[in-house]
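Peer 1: Provided herewith is a single structure, encoded as structure tokens, for subsequent inquiry.
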Amino acid sequence: MASVNAIKDDGDRTSLIYNPVVRGIVFQCVVFFGILALIYWFVQNTLDNLARAGRNISFGFLNERAGFDIGQALIPYSSDSTYTDALQVGLLNTLLVAAVGIVTATLVGFIVGIGRLSRNWLIRKICTVYVEVFRNIPPLLVIFFWYLGVLAILPQPRDSINLPFGSLLSNRGLSIPRPVWGEGAWLVGLAFVIAIAMAIFVARRASARQMATGQRLPVLWINLGLFVGLILLAMVVTGFPLSFDVPVLGAFQTSGGFAIGPEFLALYLSLSLYTASFIAEIVRAGIRGVGRGQSEAAHALGIRSGTTTRLVVIPQAMRIIVPPLTSQYLNLTKNSSLAIAVGYPDLVSVGGTILNKSGNSIQIVAIWMVVYLTISLLTSVFMNWFNTRVALVER
Amino acid sequence: MKHIATGIISAAILSIAATAASAATLDDVKARGTLKCGVNTGLAGFAAPNDKGEYSGFDVDYCRAVAAAIFNDPNKVEYTPTSAKDRFELLANGSIDLLARNSTWTLSRDSSLKFNFTGINYYDGQGFMINAKKIPGVNSALQLSGAAVCVQTGTTTELNLADYFKANNLQYNPVVFEKLEEVNAAYDSGRCDVYTTDQSGLYAIRLSLTAPDDHVVLPEIISKEPLGPLVRQGDDQWFDIVKWVGFALVDAEELGITQANVEEMKGSANPEIKRMLGGEANSKFGTDLGLSEDWVVNIVKGVGNYGEIFERNIGAGSPLKIARGLNALWTKGGIQYAPPIR
């Protein structure tokens, strides 16, 4: 500011051109209007060229009949449904594999990351090999490995491998028994909800009590007892309203039960295991980033090793871990578009079919971009919120 | 991934290009010195790279015939391998001049996609192939309820399949891939029980499987699949050229003009042959099209007539051994029929 004032002092003698304030404003205006003009030119040119090519960009085609079937649909869908329905099926499939993948990748990542810091030589080395193998292979190859290298060489459905609980594994995927809830099952659900509420209450009371008296309650055992007891009680009262629809071998594939296709399995396993290797490194970096003095101090106070990790090291590591973790979650979601390589009907795959069938490439590409942008931004918003919760509180 | 890139690139082209390439495709092709032709990524007999990396096949010969008509050199073709999904986008955005990729002529492709099919070079129909070893006792598509069906996405096949199984109240599980090679690999590994595509394609694909003899093509044909080359709408001259190159191939077969005898046929007394080969005095057929007067001579010398192209690539002279069937000339019990050159 001082320099500006210094120049302003003899401002009467200099012209406006040499006035840094005026200059700044002028240049910013020029850049601003320049960018605006460029955007206008892009949009206008696109519209002109589209009009000249006789292609309009309305989204009306989305209400037309789709005409094609989709192998895995979470909502009712047939070839009579509209393109919009098809896109929804694709979107849900993307969200499904991303959500399940993120949970698995986080669990595996944390276990492997902590494992790399283990004092046990074997665990440490296994975790290192895992990270180095998966981190250094392109995700597409990992997907192909699972799809063509593992799942495709499983036996035909009629020679399915029998797994525990009547599950069947073949090259058509994994069929597991599907729980069928009978009459009065809502009571069991209600018992579950009540158990959750009571568990939260117990945990709150226990920590309040610890704060006040220093005595600790066995919260875990109390809550476990609550869950098992309440649900069992509800089951007995309603006469066990739960049966299982066990998959059986059919003419071509298994029927009944809940079938998980090899496309989903390949994609899910690849994305989780691939991303887990990055998360493991982030976790390791986070834990290493906490000063050694912190755990030494905790030990000096006589706190046990497990408790030290849980209450001293991890909370401080989290503020290092969470920001890069967000990027990994976004990567996993975006990598799920590799689904197309194995024919998993995700948003990109279904959208591509519509693009080809209707010829509305610009609209479909726009929908893809908007949807992925929205998913990514929502993930970021959530993770930022989470980050502020674990961030270091400076006093 | 490719179609995403295609979509984005075409969006980019549309936003940056000051003027869209319009009208005279022929001038562009001549100025460039090569014809840009979109073909299949690999379908034995129709379009596939040989061991030297050169494309050959039934559809490829249509590209070569057009190049021969324009440049008197069938080799002046730049091939763009196209997937079922990105083929139309590549043609629409001008990346290719001509698409000869076993594509079915349908109303919506003519109207809403704004293309012009230049004729039918192969009358086909959709069929089913199964592994008779793995699922014995199946001899009709109506026994396929509950089967997993491998199909290529973005094709009329995918839609016919949905219609056929729905009309016959059969259940099925579609396993959908973008590229032919991916469908082949999935079917060969046993991921699906059934492979469905055009029957000509099934015969070609069967040869590339691990044990071709285990597989049988079921008798049902569930659709009409008239395959042919196509161009963008809005350039009538270019449309005419590609259309008449196709007709000339069929007319040449009908008149017995072959790659071997075309030079001596030039001296034929038959006025029809004379007219076709540009031997008529003050003839303007070729120049009116925007080509040279001996355009038919160049085509036939370059690639042969329709029958020769058929036999060489997919007929008796090829491993596919597809019978002419519907694709025989109209004079021989088929429906291949071309308007006269006059």
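Backbone N, Cα and C atoms are what each Cβ position is placed from, and that goes for glycine too.
So TrEMBL says this about it:
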DOMAIN    A:91-383  domain 'ABC transmembrane type-1'
TRANSMEM  A:21-43  transmembrane segment
TRANSMEM  A:91-112  transmembrane segment
TRANSMEM  A:133-154  transmembrane segment
TRANSMEM  A:184-203  transmembrane segment
TRANSMEM  A:224-244  transmembrane segment
TRANSMEM  A:264-283  transmembrane segment
TRANSMEM  A:365-386  transmembrane segment
Peer 1: Which residues, given as numbers and ranges, are at least 6 beyond the ends of the transmembrane segment (A:133-154) yet have a Cβ under 8 Å from it?
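Peer 2: Here the qualifying positions are 161, 169-171, 173, 262-263, 265-267, 269-271, 273-274, 276-278, 281, 335, 338, 341-342.
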Peer 1: Please indicate, using numbers and ranges, the residues of the same chain that are 6 or more beyond the transmembrane segment (A:224-244) and have a C-beta under 8 Å from a C-beta there.
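Peer 2: Distant contacts of the transmembrane segment (A:224-244): 166, 177-185, 187-188, 190-192, 194-195, 198-199, 202.
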Peer 1: Short question: most Cβ pairs under 8 Å with the transmembrane segment (A:264-283), which of A:21-43, A:91-112, A:184-203?
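Peer 2: Answer is A:91-112, with the largest number of Cβ pairs below 8 Å.
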Peer 1: Using a Cβ-Cβ cut-off of under 8 Å, list the residues of the same chain that are 6+ residues beyond the ends of the transmembrane segment (A:365-386) and lie near it.
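Peer 2: Same-chain contacts beyond the ends: 87, 91, 94-95, 98, 322-323, 325-326, 329-330, 333-334, 337, 347-348, 351, 355.
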Peer 1: If we skip the immediate neighbours and take only residues 6+ beyond the ends of the transmembrane segment (A:184-203), which ones have a Cβ under 8 Å from one of its Cβ atoms?
Peer 2: 217, 219, 222-223, 226-227, 230-231, 233-235, 237-239, 241-242
